[in-house]
Structures are given as structure tokens and as C-alpha cells.
Amino acid sequence: MVKAIASLMLLHIWAIEEIKAERQAPSVSRTECTTPCRCAQRLEKLKKHCQMRVQTAVRKQKENGKLAQKLLIGTITSTAGGGEQTSTTSFLLSNSSPTRRETLETNQAEIMSQLEHIIAMEAQYYAILNVSATSTDTTLDGDGTQYNTGSITSGGFTVSKTTECNTESPEDTKEPDQTTLSKKQGLKDLKLALRVKVACKNGGGACSAASSSDKIHITNETDSKNKGTTASTMNSQNTAVAFATDLQIVNWKSDHIDSNITALANALTALDSIPDLTDPAAYTADAAFKQLVATVTLNKPPTTELTGEVLDAVNRACADNYGTSASELTTKIWDPLNEQAASYYSDKTIKTDQLKLLTSNQQLTTALGVALAKAINVKEASKKECNLHGHETDATCEAKGVGDNCKPPCKEVEEGGKKKCKLDKEEAKRVAEQAATNQETEGKDGKTTNTTGSNSFLINKAPVLLAFLLL
């Protein structure tokens, strides 16, 4: 039964397609961040949110891997000792299949790629803040009649310090979530406005060049604001914008950015789908798993529809066997598992501890190797015992009782004044040798012959070692 459910579960888990992020621009937008500082703050929060979710997924997969190793060690150890492992073990183990690792690796790579874009945009928004500046006036003095010999005094640039970065906009006071990521991010275009302003007497009257006080003032500005419009004339009372243009910092397209945000959101959702093996909902809520419970635990046909009383029975079986909370699952599965003894390699020797004391990947990996080796040895020893004694042992002979029931290769012996049916090892050996001779003879007659001999041990080890390497 355990093998059957394990096989069905593995088929189900491997049939699940890998979850990948897709790209499609959102239709709803957040409130626009109107300044570079606000946009940089928004991207910073978005970056930290993504990093936190990636770290959670990596940690979850890492812990799942350790739990899977423990489950496999416990399963092999129980099997080697003649016991049975519950169907929960098989399912939880299968849930740590390569498909889950593929989901993590693929979507983590997508997220890291998108984070590179976010970090680059954030840096450029801050860069715009650092180049936002206004020059002090460059002046041209009057020389009495005209300006051709008037003196020019050069001004300098002063970086504009903003205080808006000390606070957040209402849109960005809350932490981002999946709803936030399902929208366009409302990011301001990365442009830098350049303006050249001209004034006569700095708005103090007409300029006749009659005296050195009749100055023409020229000012340069760079910032992220609207570039404004140029004036057709220079009014003596106002500063006129003589030149204005936008400098495009990068050639980003808003639809491309929005599509990237969608891919980012989908990749994060895919990471969230990695199950937490300490939560019973990771498997009891799975429709395919419930179908398996109905088939294997309740002996229902695989085509049984899970409705009504059948579904109620399945839900009760899930609750009884696996619990409905992490604490119940711990009591029913993890605590007994952690109490099991496991042998592992350490400092060139084999040590034995409870599974709960094995915390490193090296300890768990070597413990799995030891468990596999022991399981193979037990199987081979059992096979040799069967071949040697013709499938009979002292225990099976004793169970037959005395008298006519005690037949070769068993025989009656007297121990402590009582008759017992015990295995006659010489007779058992003769029976086994005769069986081998008969098998060889059948082979010469064209019938099936077992030619593996001692090689069967190596043949049996191959799939086990492959399973060990693929874990």
C-alpha cells in the first residue's frame, strides 16, 4: 500500500507543470509619484518587499529539503526494520521534487533580473536629485553706450537641496503587497529639464547700457520639473525663458516597465506556491492528494467523485492522520520522526543520534547514505537466507507445530524435554542446491534462466543510488 500511494503521489507531483512568470501590462495604475525623490522611495520599498519574499521562499525550500531528507531516512530505516511508513511521508517527500526546485530557481532568476532594473531606476532618480541646480547670475555690464565692451561676471551652480525625502507621500506610507504589484507603478519619466533665463537689470527697469548698473542677467536651471515655455520677448520687469528643453536620461517606455512589473508580480506568486511542509494545508488542501486518500486509505475506486459522504470521509481521514494545524502535524509526524535514530559519518567514523540532532546538510546527506546502505544489506541478507533455507526459517518451522505438519526442510527435535519443529539447515541447503540445479537444467531446455547471480546486488543498487543523487 505504501509503495502504491508513493508511486501515485510522485506521478501527480511530477505532472504539475513548472510555474513561470508571464508578462502582461496591468490595467490599473497607482497614484503617480510626481518627483524623483518620491519615485525613488517607492522603488526602494518595492525592492525590499521583493527581497523579503525571495528570502522567505529560499528559506522555505531549504527547510523543505531537510525535512524531505529526514522523511526518506525515516522511511528507509523503518522499511529496513520491517515497519511501515505512513502515506503522509510519501506525499511530503514527493512534494520536495525537482519541480519545486525548478520553480524556485526559474522565478528567483526572473525576480533578480527585475530587481536589477528597479535598482538602476532608483539610482537614476537619486542622480537627478543630485544634478538639480540653479546658477547664480552671469552678468553683462553696460559700458556707457553699448554692451560690446562691457565686463562679464560668471556665476556658479548651486545644487538644490530638497526636504521632501524626509517624508513619504500618502500612496507610499503603507508597505507594498501583491495588490500593489498588480498595478502600474505610476513612475515619473526620467527627464531632466534645462532652462536658460535672461533678465534686464534683473527686473529693475530698462537696460540702456548707459551705466554699469544696466546689467543683463543670465541664469541656468536644471531640475526634474516641467521645462516651461520660452518667451518671445524680454520684458524689462521680468525674467524671460530664452531656452528650454528636456534631456531624456534613459529611453525607457512605460509599457515596458509595466510589463516588467507584471512579470515580477507573477514570479513572486510562483515562489509563494512552494509548499511549507510543516503546514498540513500544503497537502490536505490538494485535490489530487484527497483523491489518493480516497483510493488508498478508503479503498475507493480512482474514479470516485469526491462529494457528499465520500468527501466528508476523506476530510476526516486527513484530519485524523495529519491534523489540521502545524502543531498537530508536528505531534503526528515530525515528533515521532525526529525521535528515530539515524547513523551518519562524522570525523571518519559512523555516529548514531536522533534525527532531530542532525541539522546540517552534510549530516543528513551522509545519514541518508548510511540508511540506503543498510537497507540494501538487509535486502541482500534476506534474499540469501531465503535461497539458503528454501524460504523456511526456524520461526516458520516452529509455527508449523510437531507431528505431520513438521515437514522437510523442517524436522522435530527435543529441547528441554519438549518436542519442537526446527529448521534442518543441512536439509534446507540440499533443497536450495537442488532448486538451483533444476533452474540450470530448465535453462538448458530453453526456459528462462536466472543468470544475474551475484551481480543482482549491483543491479539493485543502481536505482537506489540514482534516487540518492537526485534528491
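Numbering starts at 1 and runs along the chain as displayed.
Glycine is treated like the rest: Cβ placed from N, Cα and C.
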CYS397 - recorded disulfide partner, Swiss-Prot, among CYS207, CYS318, CYS410: CYS410
Cysteine of CYS386, CYS406 paired with CYS421 via disulfide, per Swiss-Prot: CYS406
Of the residues ASN95, ASN260, the one that Swiss-Prot lists under N-linked glycosylation site: ASN260
Per Swiss-Prot, the range holding region 'Disordered', considering 59-87, 204-232: 204-232
For ASN130 (N-linked glycosylation site), nearby residues of its own chain (Cβ under 8 Å, 6 or more apart in sequence): VAL159
Most crowded position, judged by CB atoms within 10 A, among CYS397, CYS406 as disulfide-bonded residues: CYS397
Secondary-structure category, per DSSP, in which CYS410 (disulfide bond) falls: strand
Whole-number Å value for how far CYS421 (disulfide bond) lies from CYS397 (disulfide bond) (Cα to Cα): 6
Contacting positions for the compositional bias 'Basic and acidic residues' (214-226) when only residues 6+ beyond its ends and CB under 8 Å are counted: 35-36, 128-129, 131-142, 147, 155, 157, 160, 188, 191-202, 207-208, 239
